[in-house]
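Reading through the structure tokens given below for one structure.
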Amino acid sequence: MTTFVDRVVVHVRGGDGGNGCASIRREKFKPLGGPDGGNGGRGGDVVFVVDPGTTTLLDLHRRPHRRAAPGSPGQGNNKHGADGADLLIPVPDGTVVKDLDGQVLADLVGAGTRYVAARGGRGGLGNAALASARRKAPGFALRGEPGEERDVVVEVKSVADIALVGYPNAGKSSLIAAISAARPKIADYPFTTLAPNLGVVEAGEIRFTVADVPGLVRGASQGRGLGLEFLRHIERCAAVVHVVDCAAAEPDRSPLADLAAIRAELAAYASLDLGGPPLHERPQLVVLNKIDIPEARARAEAAARQIADAPVFLVSAVTREGLRELVFAMAGLVETARANRPAPEPPRIVLRPPAIAEPEFTVRRRGSAFIVDGEKPRRWVAQTDFSNDEAVGYLADRLARLGVEDELARLGARPGDEVIIGGVSFDYEPGIRAGVGHPFGPRGTDPRLHAAAPPATAHWAGDGDDDSAARDEEDG
């Protein structure tokens with residue numbers, strides 16, 4: 001029997017972008033072939049896809065770390081690397097994806113619905129794309145960007161039209177087995193059902209789905225008895241059917257007391273706003289069950305006379321008495337809910353242009369170090385191959401054009417001060433004069449880094465203060 005898993009925390013990471021290629025065309029009778037290094041491929045995305053054949057999150061529970069394929073590196077002769085394949089993760093219909101703070105990221109309903117949980121990194125540019133009038137044959141290429149990485153909470157909420165709720169051992173499983181082809185485990189003890197069971201019911205021309213929710217107890221809305229785990233499975237239901245055990249022999253139990261307790265739990269449950277009314281305000285039916293027992297029939301008839309706020313049905317899942325009337329009443333609620341369901345809105349395209357006055361980077365001081373933050377500086381550092389002096393010089397040029405060096409000088413940075421960008425620590429050396437002059441010299445070198453002034457060095461910062469490279473369009 002398949003284990004039912006309806007909540008799991010998953011670590012997802014998009015594939016890294018492929019590195020660009022630094023290559024020079026070498027061909028007979030072509031003395032100035034020029035750069036021909038191709039770009040790296042884009043990393044694959046991690047995508048959740050609704051699959052009707054998937055009913056549990058067991059596979060994600062067993063393998064909670066998922067990573068998409070990286071992009072291939074570029075090659076010479078202007079060959080671009082292949083994009084990494086997307087990682088498609090099948091999930092059940094009704095899956096909700098949240099962040100660790102509980103914010104809903106996606107509500108996946110309907111076969112084929114997708115959500116990109118982690119995007120792959122963009123591929124680095126090859127030296128052919130970096131060539132310019134000033135740098136005709138770059139001896140370096142850009143590294144691929146790392147893919148997005150995050151932890152997400154994946155939950156399954158049953159997609160059903162009708163929810164059967166009630167105390168443990170109230171006969172909900174017997175009822176769904178009697179009105180549908182579902183065959184849940186049935187036994188004469190509480191909490192036999194530990195996972196929701198779904199059954200398809202037909203009433204005339206109306207076909208609908210019923211969910212048998214595991215038994216609720218007092219305090220379920222606060223999590224007692226795994227109530228929170230069970231209650232979220234009825235958030236999508238259009239109507240609620242209260243199944244009341246009229247044969248319960250406990251001294252503190254009665255049909256009316258059980259009904260009031262379950263209604264109170266539904267009213268106290270703070271469900272997510274999925275577009276429907278609160279659970280206790282949805283259409284309700286009351287089923288007084290087990291009337292095949294003489295004492296239970298007497299209790300049911302007495303309780304039915306005191307319930308005036310919802311239709312009441314006296315049924316027996318064993319003898320099937322009253323089931324036909326109950327099924328058609330359920331179908332009527334489903335038909336009304338479907339008729340009143342608002343038409344889905346077409347997707348809206350929202351354009352959010354960047355604010356003109358928003359700075360592209362910020363510099364703050366922390367002790368004797370300077371922290372440079374911003375999408376472009378972080379991304380540029382992540383793309384730089386620090387084993388290549390020409391690539392380091394290119395980074396210095398980009399930062400200088402952005403105004404980072406001027407801002408450091410304005411804040412009083414001195415030679416040798418630590419500057420951290422994107423998790424990489426640099427020794428500030430204004431004598432390099434980045435951004436000016438022409439870096440003549442062999443490919444892969446930059447004469448400015450070997451001048452009389454002490455060279456700038458870089459190493460990974462150990463404090464992890466800055467985030468990984470952010471995504472943005474390539475600049476120059």
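A Cβ is built for glycine as well, from the same backbone N, Cα and C atoms used for every other residue.
Copied over from Swiss-Prot, here are the features:
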type: BINDING; residues: 166-173, 191-195, 212-215, 289-292, 316-318; note: GTP binding site
type: BINDING; residues: Ser173, Thr193; note: Mg(2+) binding site
type: COMPBIAS; residues: 450-461; note: compositional bias 'Low complexity'
type: DOMAIN; residues: 2-159; note: domain 'Obg'
type: DOMAIN; residues: 160-335; note: domain 'OBG-type G'
type: REGION; residues: 61-85; note: region 'Disordered'
type: REGION; residues: 437-476; note: region 'Disordered'
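Rounded to the nearest whole angstrom, the C-alpha distance between Pro214 (GTP binding site) and Ser173 (Mg(2+) binding site) is 9.
All chains included, 24 other C-beta atoms sit within 10 angstroms of the C-beta of Lys290 (GTP binding site). The Cβ of Lys172 (GTP binding site) has 32 neighbouring Cβ atoms from other residues within 10 Å, across all protein chains displayed. When the region 'Disordered' (61-85) is classified with DSSP, helix, strand and coil residues number 2 helix, 5 strand, 18 coil. The DSSP secondary structure for Ser173 (Mg(2+) binding site) is helix. Of all the binding-site residues listed here (Asn169, Ser173), the one with the fewest other CB atoms within 10 A of its own CB is Asn169. For the domain 'Obg' (2-159), the model's pLDDT averages out at 90. Sequence-distant neighbours of Ser316 (GTP binding site) (same chain, six or more apart, CB under 8 Å from its CB) are Asn289, Lys290, Ile291, Asp292, Gly322, listed in sequence order.
For Pro214 (GTP binding site), the Cβ neighbour count at a 10 Å cut-off comes to 23, with all displayed protein chains included.
Comparing Gly166 (GTP binding site) with Ser173 (Mg(2+) binding site), their Cα atoms are 11 Å apart once rounded.
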